[in-house]
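To start, the structure itself, in structure tokens.
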Amino acid sequence: MASKKREVQLQTVINSQSLWDEMLQNKGLTVIDVYQAWCGPCKAMQTLFRKLKNELNEDEILHFAVAEADSIVTLQSFRDKCEPVFLFSLNGKIIAKIQGANAPLVNKKVISLVNEEKKIAAGEMVRPQYHEILLADSDSEDAGDAQYESAEEQYSIAIIKPDAVRKALEIKENITNAGFVIATEDKTVLTEEQVRDFYSAMEDQPDFEEFLSFMTTGLSYVLVISHGSKEQESWEELQPESEPKEPSEDQPEVEAKPPPRVTRKKWDSLQEYLERQHVSQFCDVEEDVTNVSKFMDIFFPDFKKMKGMKLEKTLALLRPDLFQERTDEVLNIIENEGFKILMQRQVVLSEEEAKTLCKEYENEDYYGKLIENMTRGPSLALVLLRGNGLQHWKQLLGPRTVEEANEHFPQSLCAQFATESLPVNQLYGSDSSETAEREIQHFFPPQNTLAVIKPHVTREQREEILRSIKENGFDLTQVKEMLLTQERADKIYSKITGKDFYKDVLEMLSEGPSLVMAMTKWNAVAEWRRLMGPTDPEEARLLSPDSIRAQFGISTLKNAVHGSSTAYDAFECIGRLFEESVPQIPEKN
């Protein structure tokens, strides 16, 4: 607990049931940040708490604490939940709860309760009768004062098979239209072990090995599908709205009743629904509670830990002065705050780009100087990923100006990394998911590349290579296992078909099927070539020991993988092999 000692002055650390019981003896209001041991307290809210403590100056009335749910029996219902939760204890009773790092709502709640306590102490009002929240039964999403209600959510696991991936969007729309919710999904090439586990009931069938090969040589979608809570009220069949009747002349006019609520049927079984929709042959479902839990751990090992925490991407930008002087410090904070850096690049902004990113300052006297500063040297653009990433990054950044940050949020990145050159925040973050998507597409435009896993690679090695591809941020868009005949090989190796050694390449490719893939990522061609490593595996083991060829290559000919050398070559090869067009033709280099 050494890392939490710095918080004691502002927030009392509660990490046992006895300390929790002791905290309940506090007079006045105690705001409690309930956290999981693996992720720690919500640092982003500490600046707000410090501001409230300083401005309200009510040490006898207002207290702050952090409570570790894992070690306190009373808080067991908050375990295995990732979203921040703030409880409000008033004279020993938990009377309110707010989910999420919602600073404005927390601020409003604290000020309201403290003002009430001051009026009560002055005899200006009678103490309200608050409804006490019973934590043992808590699992509600309500962010107000209402008591929690226990509701266990039901899930299914569904696999959209390789021959139905093109229908995936239609199948998913069918699922959501029926009232189910797709909690998370992954597009992947299943491993042999995953297929054997999921389809264990049919393993004794004579054609299972053929089915296994089919399921492990193409893309599949794996979905976690929520049915809602067990206690959720069942919906009725869809009913047409009834037209309100006009009162007759000899009848008194009565208050019109609203038409019956139009609802859809709430399906208990996803399998039954898919069969009714005639798509069950494309999508296999597991609904047994025990098996679903097991397969969640297999396909989505972090799902239970991250439940309730929406993974979000955001664009982050270090302005030129900060990028030149203190980049490492910023990157360390980003890592410590739980962000994953998916992509990064240096970029010299055009005047138009700078004006777009600095639009909030356009009415300030220093706007012209800011645009000049933003375009005179490289900035560092980053794509960050984290649970509730957009909100968390904006809270870390703090206000738009250094003056406001120094006055109200001294712990914010704006205050920490202020420079003398300009009175603005030296870091930028997207203000919405739509803006983030648009900005990421702009600064990190996706590119296609072709990748081939060669025949000599074992199935186990292939699975490791696919795992590495996924971990490095590539999106597999098309996958096909095929024997690369000379006709097909000529489409991939068109630049060397006239070379003397090409016959050796053809002989190597004829030894068995290759896995051919179309992959998408920003700067995909160069990134894939970097991940592959040098052509000669011996050289790769010296210069790039973590590369694919260093790990799985045997010789220059049998070096495990192949990749396109340019974006144009990738476009040509993907079009020839998959007979599908690529969205945008790159310029030929």
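The backbone N, Cα and C atoms fix where each Cβ goes, and this holds for glycine too.
Per TrEMBL, the features are as follows:
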type	residues	note
DOMAIN	1-119	domain 'Thioredoxin'
REGION	232-263	region 'Disordered'
COMPBIAS	242-258	compositional bias 'Basic and acidic residues'
ACT_SITE	His278	active site, pros-phosphohistidine intermediate
BINDING	Lys454, Phe501, Arg529, Thr535, Arg549, Asn559	ATP binding site
ACT_SITE	His562	active site, pros-phosphohistidine intermediate
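Sequence features annotated in TrEMBL and their locations in the structure.
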residue	record	CB count, 10 Å
His278	active site, pros-phosphohistidine intermediate	9
Lys454	ATP binding site	24
Phe501	ATP binding site	10
Arg529	ATP binding site	17
Thr535	ATP binding site	14
Arg549	ATP binding site	24
Asn559	ATP binding site	24
His562	active site, pros-phosphohistidine intermediate	21
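In this structure, the C-alpha atom of Arg529 (ATP binding site) lies 8 angstrom from that of His562 (active site, pros-phosphohistidine intermediate). Taking every pair among Lys454, Phe501, Arg529, Thr535, Arg549, Asn559, the residues recorded as binding ATP, the greatest CA to CA distance is 22 Å. Between the C-alpha atoms of Phe501 (ATP binding site) and His562 (active site, pros-phosphohistidine intermediate), the distance comes to 16 Å. Cα of Arg549 (ATP binding site) to Cα of His562 (active site, pros-phosphohistidine intermediate): a distance of 10 Å.
Helix, strand and coil counts from DSSP across the domain 'Thioredoxin' (1-119) read 53 helix, 30 strand, 36 coil. Calculated from their C-alpha atoms, the gap between Asn559 (ATP binding site) and His278 (active site, pros-phosphohistidine intermediate) amounts to 45 Å.
Between the CA atoms of Thr535 (ATP binding site) and His562 (active site, pros-phosphohistidine intermediate) there is a gap of 9 Å, rounded to the nearest whole number.
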